Amino acid sequence: LLSLSLSLSLSLHHLHFSLSLSLYTTPILRGFFCGDPSIMYPYLHREAIPDQLLITGGIIITGLTCYRVHYRGVSSKAFVRNLYVSCLYKELGSFLFGCCVGQSLTNMAKLSVGRLRPHFLSVCGVSYASLNCTPGTYVSTVTCRQTDHRLEEEARKSFFSGHASFAMYTMLYLAFYLQARWCWRGARLLRPLVQFFLVLLAVYTGLTRISDYRHHPSDVITGYIQGALTAYWVAFHVSSMFKDYSSTLSPSLDNPPSPSSSMSVCVSLC
């Protein structure tokens, strides 16, 4: 119960820290070199994969986890009287904890680095001609004509891609989850095929951020790495999806596992 409360409080702390960074902190005002073509792209109002779609994906994963816990009889050894709550936290708490950690790292990087997005000049409402600057010189400050200060602040949050990070984390975590919990032996290639399409969807999400002129390629690559590392850390070192399986199936010299016991373990994990 103590570990349950501690993990929950840490998740809420990370969520509060992430929201505080986004709402009450402005990004560092970073300059640029006159004539830099990487920030001259147009601003596209429509996004290929908006924030609402990513949030929907996270809600779907949460709903599937709740369904599995409620209808598949997941066990838990936590000292919590409500078995459903303890089992739900066991399966879902680690995932949400990773979401909070990843979002906190993303917001901290965006605000502390302040890298300009590819459409910065378009959002700012200025051009190199209007600035009357010499090509190659560093422009430390610029007065934007943009009346919406929120758009101007967002144009200074290019590094690193939150979409790429969140998509890679959720899809890779779901792929790990299927690896640990999917025990159906009907089709050998079905599980790796589903896992491949999940990772492919995450990669596509990051690529759309480049085509929408929201991020530079290095921003997306860094987001991929951060999301993948977070998913691996949470799946193998925070959650119990692989710990349960390895501890239950660990053979001993005195009591070797029988085929029937292995089958029962598979059923309980799935």
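Just so you know, glycine gets a Cβ as well, placed from its N, Cα and C.
Unlike curated records, TrEMBL annotations are generated automatically.
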Kindly point out the range from 54-71, 108-125 that TrEMBL annotates with transmembrane segment.
54-71
Please give the sequence-distant neighbours of the transmembrane segment (189-207): residues at least 6 beyond its ends with Cβ less than 8 Å from one of its Cβ atoms.
49, 54, 161, 163-164, 167-168, 170-172, 174-175, 178-179, 182, 220, 223-224, 227
Report the DSSP secondary-structure composition of the domain 'Phosphatidic acid phosphatase type 2/haloperoxidase' (92-235) as helix, strand and coil residue counts.
98 helix, 2 strand, 44 coil
